[in-house]
Amino acid sequence: MKVSPSILSANFANLGEEIKKIEGVADYIHLDVMDGHFVPNLTYGLLIGKTLKRITDLPVDSHLMIDNPENFVDDFCEISEIVSIHYEATNHLNRLVNRIKENNTKAFVAINPHTIVELLSDILMDVDGILVMSVNPGFGGQNFIPNTLNKIRQLDEMRKKMGLSFEIEVDGGVNEDTFEAVLKAGADILVTGSYTFGAEDPKKALKILKGIDS
């Protein structure tokens with residue numbers, strides 16, 4: 001499994017130092033991009049993504065929680081290894097997935113907690129991954145929604161039945177109490193936020209999730 005700590009919970013006054021705390025254990029750095037429209041909160045954009053590329057070798061995992069993602073995906077592909085677009089945010093999902101892949105970037109489709117997995121059946125053959133929101137998007141530090149486990153299991157079953165290899169990423173409320181059930185359900189990538197950057201020892205916190213002895 002892989003971990004993708006979200007800088008949404010990091011101290012931006014010392015972002016470089018915060019990222020050093022997870023280097024060597026984290027697999028990605030998760031960039032939550034919010035526009036204040038698709039979700040109620042407003043965060044950073046491309047400039048912070050470019051800063052991440054300059055200060056760390058960790059690959060960027062960009063999660064676009066924005067309306068009209070087709071206007072921005074090309075720019076985020078330039079700084080990301082993964083770009084996630086929301087099923088709920090576009091009427092041109094297949095076209096956008098292909099565009100991301102044409103930019104030599106992994107294309108993930110994200111779904112909100114209320115979106116049913118069956119709606120993804122036609123796109124699963126084309127994506128590199130599905131990002132399952134296990135909290136309502138827009139804010140960090142929320143509690144894990146238990147029904148998310150059923151969605152992860154469904155996706156894992158669909159993946160096996162269809163003979164596909166897309167990854168399942170889970171974002172929201174992932175911590176020491178919830179991660180084992182999430183992994184058992186079939187998740188491959190765990191997004192963490194306050195659990196990691198709020199820890200006294202962020203590397204140790206990530207090692208717990210990855211099953212690495214300190």
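Including glycine, each Cβ sits where the backbone N, Cα and C put it.
Keep in mind that what you see is a predicted model, and the values were worked out from it rather than measured.
Counting every protein chain shown, 25 other Cβ atoms lie within 10 Å of the Cβ of Asp171 (substrate binding site). Annotation comment: TrEMBL describes Ser6, His63, Gly138, Phe139, Gly140, Gly141, Asp171, Gly172, Gly173, Gly193, Ser194 as substrate binding site.
In this structure, His30 (divalent metal cation binding site) is part of a beta strand by DSSP. Annotation comment: TrEMBL describes His30, Asp32, His63, Asp171 as divalent metal cation binding site.
Marked as active site, proton acceptor by TrEMBL: Asp32. For Asp32 (divalent metal cation binding site), the number of other Cβ atoms no farther than 10 Å from its own Cβ, over all displayed protein chains, is 25.
Look at Asp171 (substrate binding site): DSSP puts it in a strand. According to TrEMBL, the active site, proton donor annotation covers Asp171.
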Just name the most isolated of the binding-site residues Ser6, Ser194, going by other Cβ atoms within 10 Å of its Cβ.
Ser194
Show, in sequence order, which residues other than His30, Asp32, His63, Asp171 on the same chain lie with their Cβ within 8 Å of the centre of the Cβ atoms of the divalent metal cation site.
Ser4, Ser6, Leu8, Leu31, Asp61, Ser62, Met65, Ser84, Leu131, Val191
Sequence order is fine: just name those binding-site residues in Ser6, Gly173, Ser194 with a Cα within 10 angstroms of Asp32 (divalent metal cation binding site).
Ser6
